[in-house]
C-alpha cells in the first residue's frame, strides 16, 4: 500500500461490527475500543507509557479483520471508538523489502520445475502464472522465515527447571555459516539478544554442500518438558495411505518451526550463547521436544479440506490423476499457506511429476524405491576409522533394511565389530571392507517395493535356515513384495528344532503384520504342513520354553489369521544338514587309542517300596585292527532310572578315558545322551547347568563330571549308535550288544534284606503258644482266615507283621493326621503289640510330613562373640552410605571399640581401601587394636588392606556373608548414627558433614541401658565436659578412678553363650537333618528331603549335601532334626567308587 494511503482510515471489523482503524507509526501495541474486550480474558499485564504517565494495563489476544484480512494480535483497551494499529501487527500494509545475507536463485528453481513437470503445455503456462501470483510465498533468501499468525505456544517445564549446559568446542570451519544464520534471524526478529539463567549448547552439523546447519542440543530442556499427547503418525503408515495419482507434488515448508511464535515467558528456556553473547528464540526452536507435533498439527489442520493431501512435519504431498484438478488444488494450497504465514522452498519441492521423493523414498505409481540421492550416499561411503563412523554407516544402511531379503545376515559381521570395539577404536579388516561393498552393491540393485493396499488381504511367506528367519509381505494377488524382514536367531533360539525356528520366525512376522493388515485378514504361508498337528508335538522334542509354545498356539485361535502349507517356497541355499557325529563316523575305530561301549538299563524293582533297579554296562575295546575286549564292567546302581544309568555309564567311560593317551571314542545307544554331550553341554556349562526353565538339570552332578572330563581331554569323542541291531550290521554292533548285556546283568543285581514271616507267630497263638507281647488273658481265634483277638476294649483283627506298615500308612495318608489320631483310627479295627510305637515310627518316615511339618526342637543357642576384657583389643568397622552429598563426602567410616562401645566417625568420599587406611592411620596413632572385625566389603578384603594390617600386627576378622548379626555392635551404631542424623537434619539432609563431631560426642556420652554407663566413662573412667556429667567421680584421685573403672569393666564381662534350652539339639556327624526351603510358595513344602550331616564346623554351623548334590555350609537355624534317624541309605556314587577302587587294586596286582 502507498504510504499516503495509510493516512486515510482503514476498514476494520471486530466480532461482526464494522469500524475504522488508523495506522499509527508510533504505537507499540494495537488498541481497540474497550467495549469489545468485556467478554475477553487478559493474558498478561503490561506497563504502558503515555504522555499522561505510566500505567499497568491488561493485555488481551484478539482476532479481527483489517481491509478484509484476518489479524490476530495482542491488544489493549482504549476509550476511543476506532482501532489504533501497531505497524508490526499488519506488516503487509507497508512492506519493506527483506534484505538478508544470501539470495537464492529462485528463477532457476522455477525454470527447473517447469522443465521437469509432467503437465501438458496448457497447464505448464498456468503453473508459470501461479509462480508469479504467489511470489510472496516462495523463499527468496536463505534463512528466510515465515510468520504464522496464531496464538503463541507456551513451553511448560513441569516441576523441575532444567540445568544450564556448557558449550561444546565448535569446529572453526562452522563459525562463518552459523554467524550468517544468527544475523539473518536477528533481522527477522526470530532471535533476540537477552540474558537467561538457562543455556543450551550449539552443535553445528555439516551439510552436503559444505555449509553448516545450526543445531541446538535441547536434551536437558526436553527432560523437564511434558510430552503432549498428540504425536505424529508413523511414516510407514503415511506411505501406505497416500494417493498415487498420475501427477504428484511435494512441497517443502522452509524453516517451518521458526514461523510459530512462543510466549515471552518461554524465551528464557531457549537461550544459547554465541561469541560471548546470549540469545533467545521468539519462535518455536528446532530440537524442542514438542516442536514436530505442534507444527504438524497446524499444517494438517490448515489443509484438512484439500483432498489427497498428506503432511509429515514440513513435507507436503499431493496427488491427482487430472492435471487441471491438480493445479486447482495446488492453488488452494498456495493461498492457504501464504495467508497462514508460511514460506515454501522451491529448491526442495517437486511439482506435478510422475515420480517424486517423499519421506526419503522414491514414490511411484506402484510403490516405493530407494532414491538416487540415497544410492549416491551409499557409493560415497568409505571404510570407517572409528566407532562413531561405523555407527553412522550402519544407521544409513539400516534405512534400507526392508529392501533385501537377508539384510540382517549381511550386516551381522559389522555389528560384531561394534560389540567388540575398544572404546572408540575398532578392528577393521580387508574382509570387512569387502563385506561393506557387497552390501552397498546389493542395496543399489534392490528392486522397488509395493505399498500396502488396504483393500486386499495381507500375505506373509515364512521360511528359515538354521541361523535366521526370512519373512516377505505381499498384497493378495501381487507378485511384488511390500517388504522383507530378516531375523537372526538368538543363542537360545539357535538350539530350537527346525519347526520351532519356523514358529519363531512366524511370530516375528505376525507382530509386524498386525500393523500392516489394516483390518484385513492375514494369510500365512510356510513349510509347516499342518499347524494343528504341531500342538501334539511331544514334550521331549520341544526345545523352547512352554511360554513360547503358548504364544505360538494362540495364533491358531485368532480368527484374523489363516495358515497354509506352501511347498513352492524357494529352497534356501547353503543350509547345512542336521549336525551329526561326522568326525566319529568318518574315522575307523582303529584310529582311536581305545573305544568304550556304554549302556544303561532299569527294571521294575521287586521291592514294592522301590521303583527301579538300574544297572550300567561298559565294555572297553581296542581295534588293532581286529575287535578285542580289554575290560568289561557290569555295575548295579540301585533305585534309579534307565536315563541316569545311561549318563552314569558315559561318565564312567569318560573318567577311564582320562588315563589313556590318544583319542578315545565313547559309543552310546542313547540319542539323548549323545546329543546332549555334543550340542547342549556347552550351553549348560555357560549358564550354570540350568534347563530352559532356568531350573537345575536332572542328574546335574553327572553332567558336570562329563563336562570336566571333556575339558581335560578334548580328544574324547562321544557318538550315538542305534541299539539292538542285528549282528555285523556296523563296526560297533558287537560292542554295543555287549554293553547292553552287561547293563541288563547289573540291573538284575538286587540287594534285599529278608525277614522271616511272622505268620508262624500267628499259628503259635492259635496253638496256644504266646510269643512276647501277646497277653495270655486275651482270647485268640481264627475267623475267615483272619486272627481275631478279644480284648476288654472289644474285638480286633491281628494282621500279619508284613501288612502292618501298609495298614498304618493307609490310615495316616487319608489326612496325614498326627500320631494320636492315626493310632485311634488303626486301633478301631486292628490290634497288635507295640501298635502305638509302630504308628510313631511310620509317621516319622512320611515324606510329605517331613518336608511340611515344623520342627519341635530348637537349634542350639546363638554363639556370642567373646567380649574383650580391655579397650582397644578389638574394633568393629563398617561404612555408612551413600548419603546425600555434603562438602564432597558421601560415606562415613564407623569404628566401634568392642569393649566400651566408643565410636569414631571419619567422613570419606568413597568406601575404598585407601580411604579406610587413611582414617585408621589417624586412629592407630592413639592405640593399635589386636583385632579388626568387618564385613566382606571390597574396602576390607583387598590385598592392600591385608598388607597394611599385617604391617601393624592386626588380625583381620570377617563376618559371615549375608549375616549382619555377626557384626551387631557396629550395625547397631550405624542405625543410631542414621537415626540421630535424620533427626538433626530435618529439611537439610545435605548438611550432615558439619554435624559428625556433634553426633560422635552425643553417642559416646549416651548411657547404655544394659551397662548403665556411657562409652566415654568406660574408656576414660570420667565423664566429658557435657551437660548431665556425673559429679560423683570429681573428688576421686586417679588411682581411685582406675580402680573403679576396672571393677566396672569386670562386671560387664558376659559368658560366651547363654545356657541351652531343654528342647534344643546339638549337631553331630551322621545325623539326618532337613534344610529349610527358601521362600516357599503357597501350599509348597517348607523343608527339603532328609540328608546327613557330613561335618560339624562349630556348634551352630555344619556341612551337608544339599538337594542338588552339592556340599554346602549352612547354619543350624535353617535346619531341623529329622524325626526318624534310623533310615539312612548308602550312597550310590560311593558304591560305584568302591567298585572302581576294587578294580584298580585288582589290575595292580
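Including glycine, each Cβ sits where the backbone N, Cα and C put it.
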Candidate sharing the Mg(2+) 1 site with 314, 315 (per Swiss-Prot), from 252, 298, 372: 252
Of the candidates 646, 651, 761, the one that Swiss-Prot places in the Mg(2+) 2 site of 599, 669, 740: 646
Listed range which Swiss-Prot flags as region 'Disordered', given the options 1104-1126, 1127-1149: 1127-1149
Residue pair residue 740 (Mg(2+) 2 binding site), residue 252 (Mg(2+) 1 binding site) - Cα distance, angstrom, rounded: 81
Rounded Cα-Cα span from residue 315 (Mg(2+) 1 binding site) to residue 669 (Mg(2+) 2 binding site), Å: 69
Three-state secondary structure, which DSSP defines for residue 599 (Mg(2+) 2 binding site): strand
C-alpha spacing of residue 599 (Mg(2+) 2 binding site) relative to residue 315 (Mg(2+) 1 binding site), in angstrom: 73
Among 24, 315, 599, 740, the one of these recorded positions whose Cβ has the fewest neighbouring Cβ atoms within 10 Å: 24
Rounded distance in angstrom between the Cα atoms of residue 646 (Mg(2+) 2 binding site) and residue 314 (Mg(2+) 1 binding site): 70
DSSP-assigned states of the domain 'Peptidase A9' (1-143) in counts, ordered helix, strand, coil: 42 helix, 53 strand, 48 coil
Residues close to Mg(2+) 1 site centre defined by 252, 314, 315, Cβ within 8 Å: 250, 251, 253, 254, 256, 312, 313, 316, 345, 348
Number of other Cβ atoms within 10 Å of the Cβ of residue 669 (Mg(2+) 2 binding site) across all protein chains: 23
Selected stretch (most C-beta pairs under 8 A with the domain 'Peptidase A9' (1-143)) from 186-363, 590-748, 867-1023: 186-363
